[in-house]
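Asker: Here you go, one structure.
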Amino acid sequence: MTQVYNFCAGPAMLPVEVLRRAEQELCNWHGLGTSVMEISHRGEAFMQVAAEAEQDLRDLLKVPADYRILFCHGGARGQFAAVPLNLLGSERTARADYAVGGYWAQSAAKEAQRYCNPHAIDIAQRVDGKLSMKPMAQWDLLEESAYLHYCPNETIDGVTIDEEPDFGDRVVVADMSSTILSRPIDVSRYGLIYAGAQKNVGPAGITLVIVREDLLGRARREIPSILDYQVLVESDSMFNTPPTFAWYLSGMVFKWLKEQGGVSEMARRNQAKADLLYQAIDGGEFYRNDVAPANRSRMNVPFQMVDSALDPLFWDEARKAGLHALKGHKVAGGMRASIYNAMPLAGVQALVAFMADFARRHG
């Protein structure tokens, strides 16, 4: 069978070692004669899975002791609502800053309008025709706000903010759905981090939340219990039946990451993959990327061709070559290669070779 590399923005490629182990264990997990999908989430066996997953994630990100880790439902969009409902309290006139650099940050700000009057800050700018993000020192924040929300990596436009926040006592909330575990971060600089699993963590269906303990217990009275961080903490993320298989697979990914050398090693690999792909894009006139180098994403690399009429042919030929899901988002068009942790260097090398051949034949 032809080697297939999945460049989808999410659900994304999973480590092949994890998939093979899951295949081996699928019908007889730990000698129990049943699948992990069929056991009680409150039984001793699965509680051990949950405990190990939490500890492994804590180890990988060096999560401080005064932060709680939750495994939730609802994806990042669920957190778009959960964040204001948990952090704004009962005062409906409370304000929150939303730094908007792309589609997902804008979506979070739009959802927040249901619960407050968010202060949206446009941090995107064009410099010499290239999309870039304003430095954090230039963000026009309110003097008093309940929190600052931003998205460090925007998957559609392929922009990243590597600068870590330094806003004193201000509560910083980050949507790290597409960048978590791809590089080291200082968790103590954030009040709350959330991430949908389907890019760098595991399969779709589970969402990570890392929340500082002093932010618990602030939720509005009318918040749905399933979104209340305090309720989830008190129930060990099992207020209702959790997505156990996604939790189990995410835990396996955490163990795989530790075996590979942790997030520092992932950062090294991801930089190497991104450098190779951007060099291929910048190396001629056939392809282009419209993001300023300082803000180019290492996770999601969009690019266009000199003649957009060739796009469908590129997608089709790439798929036949085992390079799947390279069609750009409908908002941006063109091509997009998502190269998360599980994408091996060989996958990017195969893509770069295909791009060179395609340009030679159609340039």
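Cβ coordinates are placed from backbone N, Cα and C, and glycine is handled just like the others.
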Asker: According to Swiss-Prot, A76, R77, W104, D175, Q198, N240, T241 bind pyridoxal 5'-phosphate; which one of T155, T160 is annotated to that same site?
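Answerer: Only hit among T155, T160 in Swiss-Prot's pyridoxal 5'-phosphate site, alongside A76, R77, W104, D175, Q198, N240, T241: T155.
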Asker: Determine the minimum-neighbour residue: among Q198, T241, listed as binding-site residues, which Cβ has the fewest other Cβ atoms within 10 angstroms?
Answerer: T241
Asker: List the Cα distance (Å, whole number) between A76 (pyridoxal 5'-phosphate binding site) and R42 (L-glutamate binding site).
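Answerer: Here the two Cα atoms lie 25 Å apart.
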Asker: Write down the Cα-Cα distance for R42 (L-glutamate binding site) and K199 (N6-(pyridoxal phosphate)lysine), rounded and given in Å.
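Answerer: About 27 Å separates the two Cα atoms.
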Asker: If you count CB neighbours within 10 Å, which one among the binding-site residues R42, R77 has the smallest count?
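Answerer: The binding-site residues R42, R77 were compared, and R42 has the fewest Cβ atoms within 10 Å.
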Asker: Quick check: in three-state DSSP terms, what is T241 (pyridoxal 5'-phosphate binding site)?
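Answerer: Its secondary structure by DSSP: coil.
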Asker: Check each residue in the chain of T155 (pyridoxal 5'-phosphate binding site) that is at least six apart in sequence and keep those whose C-beta is under 8 Å from its C-beta; list them in sequence order.
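Answerer: Spatial neighbours, sequence-distant, of T155 (pyridoxal 5'-phosphate binding site): A9, G10, Y103, W104, S178, K199, S297, M299, N300, H329, S338.
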